[in-house]
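Everything on this sheet refers to the single structure shown next.
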Amino acid sequence: MRSPVTDSATTTPAPGTEAQYPWSARLEQRIRAIPIRWRIFAIAALNTTVVLLLGALIWDGARVLTGAWNELRAARQADRLLVSIDSESVRLQSLIHRYFNQPQPHLITEIEARRQKLLDLLRTRAALEPTFAGSVSGLTNVTERFLAGFEELRKVRDEISRTYEREVLSPARDMAGLYAIIEGATKERDALIWPALSKSRESYSAALVAANGYYLSLASQSSDDAHRHIATIERTVPVMLDLADNDLQRGALRALGQRSVEMATGLNNLAGSFATQTRLLRESVDGNQTGMTNALDRLSALVRSREERAQERFDTALADVYWQVALVALAFLGLIIAIGVAIASSIRRPLSELKVAMQAIVSGDYDRRVRGVKAPDEIGEMARAVEVFRGNAVARRRAEDDLRTSKERAESTLADLRDTQRSLIEAEKLAALGGLVAGVAHEVNNPVGISLTVASSLARRCDAFADELAGGQLRRSRLDDFISGNREAAKQLVHNLERAGELIQSFKQVAVDRSHEQRRQFDMREATDQIVASLRPALKRIDVDLMIRIPEGIAFDSYPGAYGQVLTNLMLNATKHGFADGRSGTIVIEARPVPVAGDRIELLFADDGAGMSDDTRRRAFDPFFTTRRNEGGTGLGLHIVYNIIRRRLGGSIDLISSPGAGTRFRIILPLSAPREEATAPSLTLTDTNG
């Protein structure tokens, strides 16, 4: 911490200070004569001037850089355009070769699309590029000659198809028919003509296969094989003429020889057309493609030269702008630093003194006076404000001590209230479980009592039967009566003991669910029936009809104990308040799926009892609110219901009631309860007196 200093507004510098730094002391005094806001404004004005000057330099540099960059970008665009033209021409050439090797309809469509794209590039984008001035027309002419060659090739290809169809396949089909005629005219299977005919037929099949192979693959070997097999056919025709049996065979053989000559001539014509196609591919397509490549190479060299010049101009302009901005920025930065240090010193020194005083206040030393309260500038005003703050801090600390004491007392009282509330809730829980046990015991007592009476009667009848049997006075009718009576007694015993077992099992499930807040899957109707069975004693004391309209098959993955507590509290609330005056009525429990949300169930609990006033309805879910305080009510029943539904079961509850019109609770429950409670753990008790 800095040592205390004297008031800078009313004292002179320490002895020796002005002699050691005379110019700095005088400069600080002159600066402090200027208000701080004007000092800050001077720095801001200087910074603004620097920013404007730098902005002007940067704008001028940006203008130069923009021109150089535009030129560089234009050169790169021209280069990309050349690459696109070259790529399209290469693809077009490849497609043309593929088409003439394996003609397919989709290749024609793709060739036309590539052709149109290439012409569009040349006639639109390339024509507008200044770099290509004087070269586009020549490149376009080469491209058009290249495409015109493709059209000539298509015509030649059409001629090849016609030649193959008319001069090769047509004679071949005629020859197949002639072979069939010759075979049909040869009646005897051992005729002398059969060997020569079989050899000729085999040569025909081989010639046809070779001709098809030559047409599809242009293989010279296939052409030679076809001519060789046709020559074999021509040699066998005279032999078969000498061996012919009738005029029909001889006529067919002469026609066969003529068709073989036509087929050979067609193959020669087909070879000539293929040679023309090869020449056009070499001269019109590949030759013009080479011309296009050379033209593109010349343009590419021109574009690269232009790009290098543009890049050099851009780099030079960028370096010039960089050095101009750097030199101006460094010069003004030095000036700003010098002025800023002087102004900062005129502010930092008195602020440091003020900080010492404030630190003393923070450390609790309120006896130290604040220095510089008589200074004329803004820091002097701050010193005066700190002095006022020092006085206020003394009063505030005293008030904080009083407030802390009051808070501790309030927290202690709140802890006592929470302990009392927990004790009251535990008492309510024990009372509810006790009432549940008493009710179930009353229900179980009836079937057990009946079973005991029947068993006692059965024992007496067995004793009497034994006496009669020992005395030898037993008759058949008596035996039949004894058996019939025992059968009826056994039925009554089984029925009543099963009833008692069902009641005990229902109580066991409800008790387990109440005592263990475990999540499990359960059927809504089955759980409701078990809960209602445990509440039958309470319902028998009033004249109320209970109607349950819950369909079977509604499966919940939730907390059955919490669900049972909700129904129990609502049921006991209705019997205690809705029908407390002895009136008769109806309680309806109804469940149905929510139409707009299939994973939620709407549970309606309604009675036509006394209803609630507006004030009671508004405060029904408030803790410890009850209308029967003098009768032992705690006011926790509906509050517990609200907390269980909202926090444990993840649902919502609405209350509709009016005096004399009954009460209606509308509860929305998800089929799958949330895994964690929304806030604090819910109360899991049953209020029987709320």
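Glycine too: its Cβ is placed from the backbone N, Cα and C atoms.
If you look up TrEMBL, you'll see 40-59 (among others) marked as transmembrane segment.
Taking Cβ pairs closer than 8 Å, the transmembrane segment (321-345) reaches residues 27-28, 31, 39-40, 42-43, 46-47, 49-50, 53-54, 57-58, 60-62, 64-65 in its own chain, all 6 or more past its ends. Among the features that TrEMBL reports, transmembrane segment is placed at 321-345 (among others).
Here TrEMBL flags 345-398 as domain 'HAMP'.
Per-residue pLDDT, averaged over the coiled coil (400-427), rounds to 74. Look at TrEMBL and you will find 400-427 tagged as coiled coil.
Here TrEMBL flags 439-673 as domain 'Histidine kinase'.
A Cβ distance under 8 Å defines the sequence-distant neighbours of the transmembrane segment (40-59), meaning residues of its chain 6+ beyond its ends; these are 321, 324-325, 328-329, 332, 335-336, 339-340, 343. Helix, strand and coil counts under DSSP for the domain 'HAMP' (345-398) come to 39 helix, 0 strand, 15 coil.
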